[in-house]
Structures are given as structure tokens and as C-alpha cells.
Amino acid sequence: MVRVVPMASSIRPTLSSLLKFSPPRLSFFHLPSPSLSQSHSCGLKASRGLRQDANSAIMMAAGNGPQSVAAENVLDWVKQDNRRMLHVVYRVGDLDRTIKFYTECLGMKLLRKRDIPEERYTNAFLGYGPEDSHFVIELTYNYGVDKYDIGTGFGHFGIAVDDVAKAVELIRAKGGKITREPGPVKGGRTVIAFIEDPDGYKFELIERGPTPEPLCQVMLRVGDLNRSIEFYEKAFGMELLRTRDNPEYKYTIAMLGYGPEDKSTVLELTYNYGVTEYDKGNAYAQIAIGTDDVYKTAEAIKLAGGGKITREPGPLPGINTKITACLDPDGWKSVFVDNVDFLKELE
């Protein structure tokens with residue numbers, strides 16, 4: 001296994017003070033099979049108070065009050081849950097090549113790397129800050145698999161930079177692929193550019209002032225935007241930050257998340273007029289989201305409707321980290337992780 005040394009950020013030098021981590025005992029997000037289904041979901045309304053006790057809202061047994069009241073209590077609890085997008089997971093064909101590109105061209109830091117030979121996979125975590133406070137990327141390399149199908153459903157990741165033109169110059173000098181030269185976004189003023197990493201994943205560079213969360217967007221395409229917005233608001237408690245319709249180019253986008261776009265990572269959903277289904281391929285996997293209670297989270301997803309629980313809530317064998325997993329109405333996957341357990345795994 002080649003040892004990869006993280007390089008200093010050349011795009012955002014102001015984000016250089018990163019914490020050091022020791023690898024956790026075991027990852028609960030590894031993706032050993034390239035044929036795993038993809039999906040993802042997120043959620044939470046804007047206001048985040050202290051965690052409120054939903055009492056026995058999840059208990060639907062007789063004697064605990066009308067089911068509609070219990071459902072209302074659980075869905076209201078979702079809005080108060082302490083949620084944060086933790087990381088996005090996807091598969092790559094050459095881990096060291098990708099790490100080199102992300103550190104040298106995108107200015108990320110290699111936070112930790114873990115090899116699990118008995119299960120024939122390796123993980124690497126990269127980002128612009130420590131995992132306990134920043135949204136990061138989890139790369140998965142499965143032994144012997146050097147290529148994946150990204151499909152047509154996955155869109156891109158967004159990275160906020162101080163100067164898009166300078167960032168593009170650096171990436172070009174390092175041999176990176178520029179697919180859209182710097183310039184204003186269509187119908188707006190924000191300066192953007194698009195690049196591709198060695199596996200073909202697209203990154204949108206967005207010119208923005210200093211931000212605590214440079215890895216700022218995950219864009220996915222959906223077949224019914226109103227349906228998706230309702231699901232993410234209701235089941236995941238996300239706030240609808242804004243929508244923008246572009247009839248000239250026949251698409252509409254919606255931004256959802258747990259905080260404002262300039263300070264937190266958001267989910268960008270794109271609806272292309274008349275397109276209701278997409279090929280998800282086998283490359284992109286899921287987003288992980290923190291929650292105070294995976295049991296109530298799973299109940300809320302069931303009550304909200306439109307989604308599907310793919311892993312019932314509970315502790316993972318061997319490490320006791322509590323998780324639950326689900327699909328959104330389009331089949332995008334999300335994993336919810338107990339907040340306390342997640343921090344223990346980082347110790």
C-alpha cells in the first residue's frame with residue numbers, strides 16, 4: 001500500500017489548521033460491493049433547538065393516544081433533532097491517484113486512511129476540516145475494481161473557493177480536466193467553473209467569500225421535485241432554502257439543508273423537464289447524517305411516507321454504533337448515525 005502524504009491546501013490556505021485523527025476501530029460506512037444500490041437523503045428544518053423529548057411518540061401501541069397524534073409528535077421531533085451532514089461516500093478505481101488529485105488540485109487534506117485486507121477494501125477520508133465539525137468525503141477502493149459507472153443521476157459536488165480563475169489555473173497546471181471555463185452562471189452573476197476528477201466525478205467550483213464549509217454541495221437529479229422537497233422537509237427535517245426555475249434550459253433546482261448555503265453543506269436537487277427516472281450506476285453511494293436518535297429517525301421516515309427503510313435502527317455488530325439507512329423516493333440512499341457514537345468512533 002502506497003503511503004500518501006497530505007499536501008497543504010493551495011486553494012484555500014485559510015483552512016490549514018486541521019486536527020489530527022487516529023483511525024477508528026472500524027468503519028460503519030464501507031462499501032465492499034460495487035453493485036450496492038445508491039441513494040441518499042438528508043434533512044432538517046432551519047431552526048435547531050436543544051434536543052426535545054418526544055416522550056412516547058414512537059410507541060404506537062394501544063392506550064398511547066391516537067396514531068395521528070403520535071405521528072405528529074415524531075415528525076415535530078425531527079425539526080428539533082441535532083442533525084448535520086457528516087460525509088458523502090463513493091467508489092473510486094485508484095485510491096492513491098484520487099488522493100493525489102484532491103490534495104494537490106482541490107486543496108483538501110487527507111484526514112485518515114484505513115485498509116481492511118480481510119474484506120478487500122480501503123477507505124480514505126478527505127476534506128477541509130476535522131470530521132467532528134466538517135462535511136468530508138469518504139472514498140472507497142475495492143480491491144481489483146478499477147472502474148465504476150457514475151450513471152446519469154449523480155450531478156456534482158460543489159466547492160467554494162476565493163478565486164475560481166486561480167483555482168482553475170492550478171488544476172490545469174496539475175493536469176486536471178476543465179469541462180467548463182470560469183464565468184458567470186447562466187442567468188446569474190456567481191462565477192463558477194466545472195472540473196472532473198480522475199474517475200469522472202464532476203466538481204463545481206463556486207466563487208464565494210470565506211466560509212466554514214468549503215465542501216458545500218452535493219447535487220443529485222430527481223424525477224419529481226415537489227415530491228422530493230416534501231420528503232426531505234418532512235422525513236428528514238431539512239429546510240427548503242430556495243428554488244430556481246430555468247425554463248430556457250428546461251430545469252429547476254431546489255437547495256435544501258440544515259443551515260444557510262454560505263455556512264453549511266446543502267443538497268442541490270435538480271429536476272430536468274420531462275425526465276422522471278435516471279440511471280444511478282454503481283459509483284456514487286450515499287450521504288451520512290448525524291442524529292440524536294436513530295430509532296425516532298426511522299419512525300419519522302416511515303410516517304412521512306415516500307421513502308423506504310433499508311436497515312432498521314440499531315447498533316452495528318462489534319462496534320455498537322447505532323445507525324439506520326433509507327432510500328428517498330428516487331432511490332438515493334442515506335445513512336443516519338447516532339451523534340454520540342460517531343464522536344466515539346473518532347476518538
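Just so you know, glycine gets a Cβ as well, placed from its N, Cα and C.
Around GLU204 (active site, proton donor/acceptor), the same-chain residues six or more apart in sequence whose CB sits under 8 Å from its CB are HIS156, PHE157, GLY158, ILE159, ILE192, ALA193, PHE194, GLN217, MET219, listed in sequence order. Sequence annotations record features per position, and here TrEMBL assigns active site, proton donor/acceptor to GLU204.
Around the Cβ of HIS156 (Zn(2+) binding site), the number of neighbouring Cβ atoms within 10 Å comes to 19. The Zn(2+) binding site annotation in TrEMBL covers GLU138, HIS156, GLU204.
Taken from TrEMBL, the feature domain 'VOC' applies to 84-208 (among others). Averaged across the domain 'VOC' (84-208), pLDDT in this predicted model comes to 96.
Residues annotated as domain 'VOC' in TrEMBL: 214-339 (among others). Per DSSP, the domain 'VOC' (214-339) is made up of 22 helix, 57 strand, 47 coil.
Mapped onto DSSP classes, the domain 'VOC' (84-208) shows 23 helix, 58 strand, 44 coil.
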